[in-house]
């Protein structure tokens with residue numbers, strides 16, 4: 001009997017282990033709202049009103065340091081195209097293999113009850129700017145379904161840890177302390193932005209840019225690498241190929 005019980009426990013542990021998603025790190029991605037809005041597609045404010053002029057969370061994304069079955073080209077391509085565009089073109093599978101996990105449990109929908117105590121903070125720090133929907137919960141549900149279900153975290157922990165990361169490393173304040181503030185006329189060198197974030201957080205971030213309606217380059221998203229528990233910044237296992245082609249970039253008003 002004892003042997004049967006022990007065998008059952010081992011099988012249960014193996015089942016839990018096999019169910020856990022294996023990945024190497026998280027990308028914690030924040031976007032500057034002025035750069036999201038100052039493009040040809042524009043933006044729409046969420047139902048709760050215009051967000052603050054502050055970096056907003058885009059997502060907490062599990063990633064592989066190397067594509068399964070190949071090198072990191074697919075992940076690098078994701079970084080160049082942006083999450084949504086790459087997902088549409090690659091569906092999580094790069095030219096040389098699977099480069100990041102996604103949609104790991106389609107049955108595990110986000111429940112409002114699970115994050116009820118986080119809603120106010122999420123509305124401030126993780127708002128939607130997409131014109132597809134002004135409902136931020138819809139945005140959070142999408143991020144949970146696509147990325148959170150692969151995180152090995154419960155919904156509350158997944159969102160709480162993203163909020164904690166943002167609070168611990170306030171990018172808006174870090175750049176302002178280095179003299180880089182939103183402006184329609186000023187521009188800043190990519191190296192100075194990167195250096196300010198490295199000095200302010202202790203780690204180098206990957207930067208993504210886009211172009212405004214006049215074709216000028218502006219800082220769009222900051223990718224910070226985080227350990228597999230979603231708690232601490234780490235050195236990035238790989239370097240993204242940046243879309244910031246120009247040396248000088250803007251941080252537009254919002």
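Using the three backbone atoms N, Cα and C, a Cβ is placed for every residue, glycine included.
Among the features that TrEMBL reports, signal peptide is placed at 1-19.
Per TrEMBL, the feature active site maps to 58 (among others). A simple way to gauge crowding: the CB of residue 58 (active site) has 24 other CB atoms within 10 angstroms, across all the protein chains here.
According to TrEMBL, the active site annotation covers 143 (among others). In this view, residue 143 (active site) is surrounded by 22 other Cβ atoms within 10 Å of its Cβ, with every protein chain counted.
Residue 147 (active site) is surrounded by 24 other CB atoms, counting those within 10 A of its CB over all protein chains shown. Annotation source TrEMBL lists active site at 147 (among others).
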